[in-house]
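What follows is a set of notes on a single structure, which appears directly below.
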Amino acid sequence: MRRSAVLTAGALAGAVALTGCSGSGAESGTDKAELAVSSSYMPQPVSADMAAGFLTITNEGAAEDTLTSVTSDVAGQVTMHSTVGGAMAEKSSFSIPAHGRLVFRSGGNHLMFEELKRAPKQGQTVAVKLTFATSGPLTVEMPVKSATYNPTTGH
Amino acid sequence: MRKKTFAAAALLAAATLTLSACGNGDDDTSPVAVVSGGSGSGKAATVLDQPFAKPDLVLTDTHGKKYDLRKETKGHPTLVYFGYTHCPDICPTTMSNIAVAKKALPKAEQDDLRVVFVTTDPGRDTPAELGKWLKGIDPQFIGLTGDFGKVQAGARALHIAVEPTTKDKNGKLVSMHGTQVIAFSPKTDAGYVLYGELATVDVYTKDLPKLVEGAKP
C-alpha cells in the first residue's frame, strides 16, 4: 500500500524530470506528507466535562498520512468522531490524503475533549498535540472562542 | 482500485503540468481532495408548504414536573429541538445560537418565546442534569425528558429520526440528535419553519422577530 504510493510518486518525479525545462520539478518531487494545521478553535463549552474542537490539517506532500491520536493538557481524553445524520461515531484514525486535507468542522468530523480538567473560557488557548502514523507530532495552541463562534463569519 | 484511479489522476495532472510547463512552476491547480462530513445544502431556513401539527408530547420538565407540550406552548412562538447534553458539537451550538439571538428581542417577546429542548438520551439526561446544562445556556429554556418511546414518536411526527442511546464497540454510550429546529407559530400552533444545522446566530437573530409574530422569515 505505502510502497505503491511511493512508487507512484517516484514515477511521477521521473516524468517531471524527463520533460522538465530546468529540473525545477523538485517542488513536486517530495514523497513525504507535509502537514500543516489551520483554522483551529474550540467553542467555549456549555458542559463542565466536555468540549468540542475543530481544525483543518492540510497535506502539501505527495504521500498520505494518518492522524492516529489527539491529546490535550485540558482533557483526560480526546477522541475523534465523524458525524452522519445526527449520530456520531468514534473513529480511531483519520486519513489525510496526499495534496489533500482533513477537515474537522461543526456538524461534521469533530474532536471531543472529555474529562475536562478545567473549563476552557473564551480568550484562552488550549494546547493540542496531534500524532500521525508517519510524520512527527504537531502541537497547536487552539483558541477558545464564544459558544456561538462561526468560522465562516468569524464571530 | 482507488489507488489506481489516484495514480491515473496524478499522471494526468503531471501531463497537464508538462504541457503547460516552462515558467509557471507553481502548480496551484493541483486537485485538492476534501475529506469532510459537511452536508452541502447551503440553506439554513425552510418554510414548509405543509406545516407540522405540534406533537402531542407529555414529558417531565427540569423541575421534575409533568409538561404537556401542546398545552404549555399554546399561543406562544415555540422552537423545538431534539438533542442530548453529552453532545459536544451541534446540540450546545444550536441552543447557544438561539440563546444569543433571543437576547436581541424585546423583553416581552423573550418571555413569550418558548424554546424547548427534548432529550434523546433520557437515561443520562435526568431532569436535574438537563436543568444544569440548560441553565448554562439560557435559564428560560425548557428541557424535557422521559420515556424514549414518547420522545421518538414526538420526533417522528416532525419527520425527525432519532434512535435510542447505544453502546459502541468500546463500551461508550452513543446518542443521536435531530438535525433540525422546528419553529411553531403562535397563531396556528403549527410547525412552519425548519432550521438546519447551518443556522447561525445571525440567521436566528434576523428571523426571531418574525417568528415571534408567526410571520414567515
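Easy rule for this one: first residue shown is 1, then count along the chain.
Every residue gets a Cβ built from N, Cα and C, even glycine.
Look at TrEMBL and you will find B:1-21 tagged as signal peptide. What TrEMBL records for B:48-206 is domain 'Thioredoxin'. According to TrEMBL, the Cu cation binding site annotation covers B:Cys87, B:Cys91, B:His177. Look at TrEMBL and you will find B:Cys87-B:Cys91 tagged as disulfide bond.
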Could you tally the C-beta atoms, other than its own, that fall within 10 angstroms of the C-beta of B:His177 (Cu cation binding site)?
25
To see if you understand the setup: which same-chain residues, six or more apart in sequence, place their Cβ under 8 Å from that of B:Cys91 (Cu cation binding site)?
B:Tyr81, B:Gly83, B:Tyr84, B:Thr85, B:His177
Other than B:Cys87, B:Cys91, B:His177, which residues of the same chain sit close to Cu cation? List them in sequence order, counting a residue when its Cβ is within 8 Å of the Cβ centroid of the site.
B:Gly83, B:Tyr84, B:Thr85, B:His86, B:Asp89, B:Ile90, B:Pro92, B:Thr94, B:Thr120, B:Ser175
Within the chain of B:Cys87 (Cu cation binding site), which residues six or more apart in sequence place their C-beta under 8 angstroms from its C-beta?
B:Ser175, B:His177
